[in-house]
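Before any comments, here is the structure.
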Amino acid sequence: MLLLELKKTNQTLETIHFIGIGGVGMSGIAEILHNLGYKVQGSDLSENYNTKRLEAYGIKIFVGHTPQNITNVSYVVVSSAINRNNPEVKEALERKIPIIRRAEMLAELMRLKCSVAVSGSHGKTTTTSLVACLFEAAGLHPTVINGGIINNRSTNAYLGSSNYLIAEADESDATFISIPSTIAIITNIDPEHLDYYKDFDTLINAFRSFITNLPFYGFAVCCIDHKIVRELVNNITERKVITYGIDSDDAHITAFNISTDITSSTFDVKISLPNVSGVTIIEKITIPTPGRHNILNSLAAISVGVELDFGIKAIKNGFNSFKGVKRRFTKVAEYNQASVIDDYAHHPEEIKATLSTAKNIANKQHGKVIAIFQPHRYSRMQHLFDDFMRCFDDADLLYITDVYAAGESHIEGISGQSLIDNIIKLKYHNQANFLAKLDDSLEVIMNKASPGDMIIMMGAGNISNFANELPQKFGNLS
């Protein structure tokens, strides 16, 4: 980045091209570079919220991938989703244009900052947003690069005025190990991305490196309610680790006196830091989002705030300012006094957490939970097939669509229909149904929704687009 800064200063501005710029991770980095004064452009297969947002900022966007898109570029940035058969990658290789991985570019942005990297199988995006809110409330105004749209800002990335940078660290291909962070957060570790890691032990070892690569003056924040994280922390002695949890009495930071309602959670916090005498209690912290998993995400942010001495007022004010993250239990529509929720859950553990929250709310409203799930990636479904069969207990009615491939080839025997067939055969759910088309969800909602119901539309594919179009569809029915 120093060389790029020199070239920028000397008025020899070079173009950085992002292949797949509409991806949530890529768009954030592109936006930060643009805001720093670099010349940025990019391409994607289709327009989406992110490409339109970047275009409004003056960033040139190409729809479709062709060699002509990189005619006058000096650097090409790719994510792990872009392979070498991409025509723009082929052109870059042919012309010997440097190809930079997304994680490498993120690392360069973080290198000269005091950086907080948030990783884990689930909860990264919300935790990143919560940490950012606490930094803002403490007057530190960080640069933020997130994996989801932060409702406070209507963007997934923004440039701050301080020397702090907070980033979501994607563990999917082990590149998060190379991120030069000062503070590392691990929310949980579950068997995920095994198409890359091949086995769970390799994934766990990557998280170990994520902590041990910290500088000696840095620290990690880890949730020891999670068995695998606890085992990992117990075997790390060379770096400072702050632990948190709800069920773990031995955690440094714990939540108790928990109460929840439909839109928020309130709890007290007990703080007992290593090498610090005495116990501190923070009473009545409120977060404007429901769910036990979000209390855990909040404890991660509190752990950072306590260690950096933000103060109780800043911590409470930070949470009060939090407005949530797009596609994290987001209400998008209402039909027959039933709420339609759009949620990113696509892993069995995420599905359990989302449905548990929905069940708690539905019970208070004397309603039921209707789950409509779109599986994401054949490889994920293959690796976690048994877990997917067992994760829908809190749904009163279950509907599963076919798999959103996300560019993957079909795997024999892996489909939405096969998942439903096995759920029924093994009696994991007695109200499970297959939806041949996502459009059939509209009929399900119209026929099944009752007052007080929670209709949860889950997945990392295009089910979100469908969910967000429902208000218009309902309007057309009236």
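Sequential numbering from 1, following the chain as shown.
Just so you know, glycine gets a Cβ as well, placed from its N, Cα and C.
Taken from Swiss-Prot as is:
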type: BINDING; residues: GLY120, SER121, HIS122, GLY123, LYS124, THR125, THR126; note: ATP binding site
Non-site residues, in chain order, whose CB comes within 8 A of the mean position of the CB atoms of GLY120, SER121, HIS122, GLY123, LYS124, THR125, THR126 at ATP: VAL118, THR127, THR187, ASN188, ASN297
Chain-internal residues near GLY120 (ATP binding site), provided their CB is under 8 angstroms and they sit 6+ positions away: THR127, GLU171, ILE185, ILE186, THR187, ASN188, ILE189, CYS223
DSSP-derived structure type at GLY123 (ATP binding site), helix or strand or else coil: coil
